[in-house]
Amino acid sequence: MSWLSVNGTNQTLERALAQDDPRDEDLAQVEIALLSIIFVTAGVLNVGLLLVLWRRRKQLSRMRVFVFHLCVADLVVTFFQVCPQLIWDITDRFVGPDALCRLVKYLQVVGMFASTYMIVVMTVDRYQAICKPMVTFQRRAAARWNGSVCAAWCVSFIGSLPQVFIFSRVEVAPGVYDCWGQFVQPWGLKAYVTWTTLVIFVLPIFLVICCQARICRTVHTNFHMKMHHLSSRASSVAGMSKARVKTVKMTVVIVLAYVLCWTPFFTVQLWSVWDEQAPTHSATFTILMLLASLNSCANPCIYLMFSGTLPRRLLSLLCVTQTHQNKESNQEEATMVSSLYISLKTLSQSDCR
């Protein structure tokens, strides 16, 4: 799939240059089936994790706040990128007015921006917590801790605005309309794909790698210092550092999942617009688009894997009624035991008298 495909059009760059070519129906059926699985899986996992975190909103740590907003961003990707792509694969054309076309295109890139930059602010927060703990403590005491989250959403909403002006409902063939992007020839599409690749993928990954390198260096240095200066206080500090290191490991895994899912897509897409002889087979773009879509499923799985009690809480959402009944049963049992204890105590006191 080309960049236009991921942003809502079900046609590849190859079909954009030759719109009369019929699509591969067998490939479309496979894509519909896989996108349906990804859509349902990503929706269930992210909504379930959001519900668990929302129920514990008064006890959310900084890391869980970032994960909460990362789930929201992944849901935007799920409902405004995966779902539209699924619908367009079914209908083969965009069905809706021009305003809906522009809105969907805008929200698609908002989701990509938000999921990417939420990982960035999450990594920067871990960098400050590990490498500059005193500065981080002072900032937490003096200011609200969700400023970086707000900044990530602001960048997402503002950075996606060009979508509203680039894409519209246009006539791609006599009497046939689709949601399509119009670019200045011959450099418009190249500039668009290059710019979005830089701001959504290259720059964020560069920032994340720099922060992770500093974090690993600091953790390695602190580990050797504690090995040579053991004391009763050092053991407690080591325990605190262990918890922080765990969140760092989780962040690293989230970053790796993002890189693995999106690197092939951005690489091939950039190659396809700059090299006119580059292969642009539909099957290749389809596989890359599906791989990129898996990132929305991976993030909640990674967080649940690194959490101790949250997986059980997530499962409990599937059996709320049974849990509620068990709770009532336990309360009744506790009441009976308490009443029996009081009765026996009263009886023993009367015998002593």
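Heads up, residue numbers simply count up from 1 along the chain you see.
Cβ atoms are placed via backbone N, Cα and C, with glycine included.
On a predicted model such as this, the values are computed, not experimentally measured, just so you know.
According to TrEMBL:
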type     : residues : note
DOMAIN   : 45-303   : domain 'G-protein coupled receptors family 1 profile'
TRANSMEM : 32-54    : transmembrane segment
TRANSMEM : 66-87    : transmembrane segment
TRANSMEM : 107-124  : transmembrane segment
TRANSMEM : 145-167  : transmembrane segment
TRANSMEM : 192-216  : transmembrane segment
TRANSMEM : 250-271  : transmembrane segment
TRANSMEM : 283-306  : transmembrane segment
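Here the transmembrane segment (192-216) does not lie next to the transmembrane segment (66-87) in space: the count of CB pairs under 8 Å, restricted to residues six or more apart, is fewer than 3. Counting C-beta pairs under 8 angstroms (sequence separation of 6 or more), the transmembrane segment (283-306) reaches the transmembrane segment (66-87) with 3 or more such pairs.
For the transmembrane segment (250-271), the neighbouring stretch richest in Cβ pairs under 8 Å, chosen from 32-54, 66-87, 107-124, is 107-124. By the Cβ criterion (under 8 Å, sequence separation of 6 or more), the transmembrane segment (145-167) is not in contact with the transmembrane segment (32-54), since fewer than 3 such pairs are found. If you look at the transmembrane segment (32-54), the same-chain residues 6 or more away from its ends with a CB under 8 A from one of its CBs are 60, 64, 67-68, 71-72, 74-75, 77-79, 82-83, 85-86, 89-90, 290, 293-294, 296-297, 299-301, 303-304, 310, 313-314, 317.
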